[in-house]
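Going by Swiss-Prot, these are the annotated features:
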{"type": "TOPO_DOM", "residues": "1-8", "note": "topological domain 'Cytoplasmic'"}
{"type": "TRANSMEM", "residues": "9-29", "note": "transmembrane segment"}
{"type": "TOPO_DOM", "residues": "30-128", "note": "topological domain 'Periplasmic'"}
{"type": "BINDING", "residues": "120, 124", "note": "heme binding site"}
């Protein structure tokens, strides 16, 4: 009887330790994805020199086309503004007042984006 209880206890402890180890590995690997993006007002909290995601609304009258595929614009969270420089093809949903997420690095108070993601609104409208 004593041997059965001890074996059961060992199995329970091993299962508990395995579960804790698995959860720890998952959380460690998801660490940089826990905060999906920083708004312009919180960009100072992000690590400098690392790739970041910043998100906000494209400010009205801020889009400036530098060349055919190079653009600068300002995003805002209605607290602080941040200038974004991007070279590449713009997403189809990109426009003033639209929510976007830019992936890139911060350099001299300007954000150099390597990728833009346009956010659509949450309201579903069936085709008419």
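Note: Cβ is positioned from N, Cα and C throughout, glycine not excepted.
In the predicted model, residues of the topological domain 'Cytoplasmic' (1-8) average a pLDDT of 86. There are 8 other CB atoms within 10 A of the CB of residue 120 (heme binding site), with all protein chains counted. A Cβ distance under 8 Å defines the sequence-distant neighbours of the topological domain 'Cytoplasmic' (1-8), meaning residues of its chain 6+ beyond its ends; there are none.
For the recorded site, residue 120 (heme binding site), the DSSP three-state label reads coil.
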